[in-house]
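To start, the structure under review is shown below, and the notes come after it.
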Amino acid sequence: MARTRSSSSKWRFCNPSYYLKRPKRLAFLLVTFVCVSLVVWDRQTLLREHEDELAKLNSEVVRLRSLIEEVNDKPQNTIAKVHVEAKKEVDDPIDAERREKVKEAMIHAWSSYEKYAWGQDELQPQTKGGINSFGGLGATLIDSLDTLYIMGLDEQFQKAKEWVAKSLDFNKNYDASVFETTIRVVGGLLSAYDLSGDKVFLDKARDIADRLLPAWDTPSGIPYNFINLVNGRPHNPSWTGGFSILADAGTEQLEFISLSQRTGDPKYQQKVENVISQLSKSFPDDGLLPIYIDPTEGKASHATITFGAMGDSFYEYLLKVWIQGNKTSAVKHYREMWEKSMEGLSSLVRKSTPSSFTYICEKSGDSLTDKMDELACFAPGMIALGSSGYDSEDSKKFLTLAEELAWTCYNFYQTTPTKLAGENYFFHSGEDMSVGTSWNIMRPETVESIFYLWRLTGNKTYKEWGWNIFQAFEKNSRVESGYVGLKDVNTGVKDNMMQSFFLAETLKYLYLLFSPTSVIPLDEWVFNTEAHPLRIVPRNEEGGYPERSDEKRKPYIRLRSRKEGRSD
């Protein structure tokens, strides 16, 4: 009976039994070859039909393999986990362009420092020389490490790292500020370690921290504000009457807790947390402490209360240690103290006439002074950052307060001829505000708050504010060999100093303002008061840490610029 011919009839010749009954084996072999050829032909046809899909898959495999190789080439002993940036976010072309402008400003500032003041604390651009304002610890270099890394300036970062490894020496007969050395040097080195994973930064941070520790050897544990880096003798300046300054004594917690986390040595954390324990014993109901603290008894004196100079960062660190501690019960008392302080801050808030600018007064005894420092412009960012810890009603109230204060701080800039803010402002009935001390040293506090408010609200208006401030710096502060402050924001007369915090804070916050939110995300990093990002490490409810955080960790992968073939 004849077979019905089908589309697969060509395969009948591939049945070995067809030939086994026949004596000619050669025919069997030849037909086997034909069958194999048919299979190969069919598969090649299939491959041609799907070659586009296969090409795409192969390209993706190559890309992933390249990424893995890049990560494996990095140091492995860092706290930062691998963080591939901005793949899920659309990078606005205007943001990208502005980010490149800020990066170029950083290159200009850094190359000027490198050329004229390498290894010294700060650059004097007008005279093209360096000055050791912090005992010759390379303040600008260390302050700039994380900014260089985040911006992807690898060559500059590697050269700076080499200087840290080979030339940074803390054995100097110099009376160092415990506060300034902690926030700039300890914080800068720890941040560089967290980002890069290079242990040289951790070793150096531990060296300088050990030299600072004797400052806490007081009857109360409240530290003295200065210490000699060679002989370890601490003291307070004579002009404070022997008192320790609130901000100076209460702004080392983030750095020293981080150091204990990364080294496994609890002594650093114990010293700085004892300060908060002492202050909490007599913490007032309104949460407002005077700027002078007695290091013998651990109690506050009768002095000015301010969120400006000498008070500011104490309140900032109450909130940020709570964030650093994963908001667990072990750090709950920090949040409770901070919320008391925010109620106290609210009692100092007033509005100007006729424009209703919201501002924070200073307090002395029962009297209020209608004065606000530009330094206090960190407060809008701090309040916004902490607002999410309240219930919905209070959260909205404090976020609104943050936005109103930020508007005032932005107008500190917009109301002067140079569009740069003075050092402080006075408020007068019917006249709104006027500049008090009229210099500008390129401080970061306003752009810091603008950065936080952009991250937390998504309101693009804040980006415009930041860009306007950056343009004012470019117009008034940029010179041939760096950036300088202004002696007077009304006349524009320039000074001769490029402050290290301009590179550490002002330019970093501006860069991040125009970067995707996945670059240094706020749920993974906490900024110290010098804008050095420190990685948040898991902390259990008892206050301990599940493991030492310096063991086999991978570096933070930065965003690259479009010019480098990946995004920046």
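Using the three backbone atoms N, Cα and C, a Cβ is placed for every residue, glycine included.
Record features, source TrEMBL:
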- 47-74: coiled coil (COILED)
- GLU180: active site, proton donor (ACT_SITE)
- ASP312: active site (ACT_SITE)
- CYS377-CYS409: disulfide bond (DISULFID)
- GLU423: active site, proton donor (ACT_SITE)
- GLU445: active site (ACT_SITE)
- THR529: Ca(2+) binding site (BINDING)
- 539-554: compositional bias 'Basic and acidic residues' (COMPBIAS)
- 539-568: region 'Disordered' (REGION)
Give me the Cα-Cα distance between GLU180 (active site, proton donor) and the residue listed as 'Ca(2+) binding site', rounded to a whole Å.
10
Those recorded positions, out of GLU423, GLU445, THR529, that come within 10 angstroms of CYS377 (disulfide bond) at the Cα:
GLU445
Among the recorded positions ASP312, CYS409, GLU423, GLU445, THR529, which residue has the fewest other Cβ atoms within 10 Å of its own Cβ?
GLU423
So what's the average pLDDT for the coiled coil (47-74)?
45
Relative to the Cα of CYS409 (disulfide bond), which of the recorded positions ASP312, GLU423, THR529 have a Cα no more than 10 Å away?
none
Listed recorded positions (GLU180, CYS377), ranked by Cβ neighbours within 10 Å, top entry:
CYS377
Between GLU445 (active site) and ASP312 (active site), what is the CA-CA distance rounded to a whole number of Å?
11
Rounded inter-Cα distance in Å - GLU423 (active site, proton donor), THR529 (Ca(2+) binding site):
18
Nearest-integer angstrom distance between the alpha carbons (Cα) of THR529 (Ca(2+) binding site) and ASP312 (active site):
10
